[in-house]
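Feature list (source: TrEMBL):
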| type | residues | note |
| --- | --- | --- |
| BINDING | ILE14, GLN15, GLY16, ARG29, THR73 | substrate binding site |
| DOMAIN | 20-218 | domain 'Radical SAM core' |
| BINDING | CYS33, CYS37, CYS40 | [4Fe-4S] cluster binding site |
| BINDING | TRP39, CYS40, ASP41, GLY75 | S-adenosyl-L-methionine binding site |
| BINDING | THR42 | Mg(2+) binding site |
Amino acid sequence: MSETVLINEIFRSIQGESTFAGTPCTFIRLSGCDSACRWCDTRYASVENGTAMTLSEIERRADGFRTSLVEITGGEPLQQEPVYALMQQLCDKGHTVLLETGGFLPVDRVDPRVHKIIDLKAPSSGESGRICTSNIELAVSAAEPLKKSFEFKLLLASREDYDWAVDLLNRYRLNQHCTVLMGTVFNKLHPAELAAWILEDNLNVRLQLQLHKYIWPPDMRGV
Ligand code: SF4
């Protein structure tokens, strides 16, 4: 019997985050997540059961949107074992594949062609103690072409979060090795404040706003 994945939704939108922001992208949102981040904006994907779909059904649906960029997201997509084969098959078909993960599970078995966007949950999320630091070690020790396939994302809600983030970056010299995306939790910290702190520290990170929340209503699904 074919392997199935629990899918919450598949849709096409504008990529809102990462160095691919602004690009049309097909999103494959997997159901289920065992974490409880305070600022989670996809709780529905964590709690809803989703629809079981075979890998070929998922690929057929995704192909219908005709984008070369495909993102695997959730929920926490790495909780479902068949997602590894799904990512590999999408790469084999010539897609540029992004993985958006909460950063609590290791990414060492992900196909190296996949661009990994790894959240680093700040203290205000309530989950920063569970960060999988082996992902950071994997990225900083990776050979040069592979290193470019890692991006780390910090969403901050306060100055305390920012200070924690700077300390984490310094500890691993992470922003000297990989792209680090730093943004604000929507409506919790004004981007101008974060911009001022970054400039004051001359911090080598990339400020990013969650583009989709400015284009569409911030709680809108399927965008
Ligand atoms: S890991 Fe992602 S999906 Fe899971 S609770 Fe945290 S923000 Fe939500």
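Any Cβ shown, glycine's included, is placed from N, Cα and C.
Sequence features annotated in TrEMBL and their locations in the structure.
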| residue | record | Cβ within 10 Å |
| --- | --- | --- |
| ILE14 | substrate binding site | 15 |
| GLN15 | substrate binding site | 20 |
| GLY16 | substrate binding site | 21 |
| CYS37 | [4Fe-4S] cluster binding site | 22 |
| TRP39 | S-adenosyl-L-methionine binding site | 16 |
| CYS40 | [4Fe-4S] cluster binding site | 16 |
| ASP41 | S-adenosyl-L-methionine binding site | 16 |
| THR42 | Mg(2+) binding site | 18 |
| THR73 | substrate binding site | 20 |
| GLY75 | S-adenosyl-L-methionine binding site | 29 |
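Less than 6 Å separates the Cβ from ligand 1 in the case of CYS40, THR42, drawn from the binding-site residues ILE14, CYS40, ASP41, THR42 in sequence order. Other residues of the same chain near the substrate site, with their Cβ within 8 Å of the Cβ centroid of ILE14, GLN15, GLY16, ARG29, THR73, are SER13, GLU17, CYS25, PHE27, GLU71, GLU100, HIS212, VAL223.
Excluding TRP39, CYS40, ASP41, GLY75, which define the S-adenosyl-L-methionine site, the same chain contributes CYS37, THR42, ARG43, ALA45, SER46 within 8 Å (Cβ to the Cβ centroid), listed in sequence order. Rounded to a whole value, the Cα-Cα separation of THR42 (Mg(2+) binding site) and THR73 (substrate binding site) is 10 Å. If you take the C-beta of ARG29 (substrate binding site) and look for same-chain residues 6 or more apart in sequence within under 8 angstroms, you find ILE7, ASN8, GLU9, ILE10, PHE11, THR42, ALA45, THR73, GLY74, GLY75. The DSSP secondary structure for TRP39 (S-adenosyl-L-methionine binding site) is coil. The two recorded residues, CYS33 ([4Fe-4S] cluster binding site) and TRP39 (S-adenosyl-L-methionine binding site), have Cα atoms 14 Å apart.
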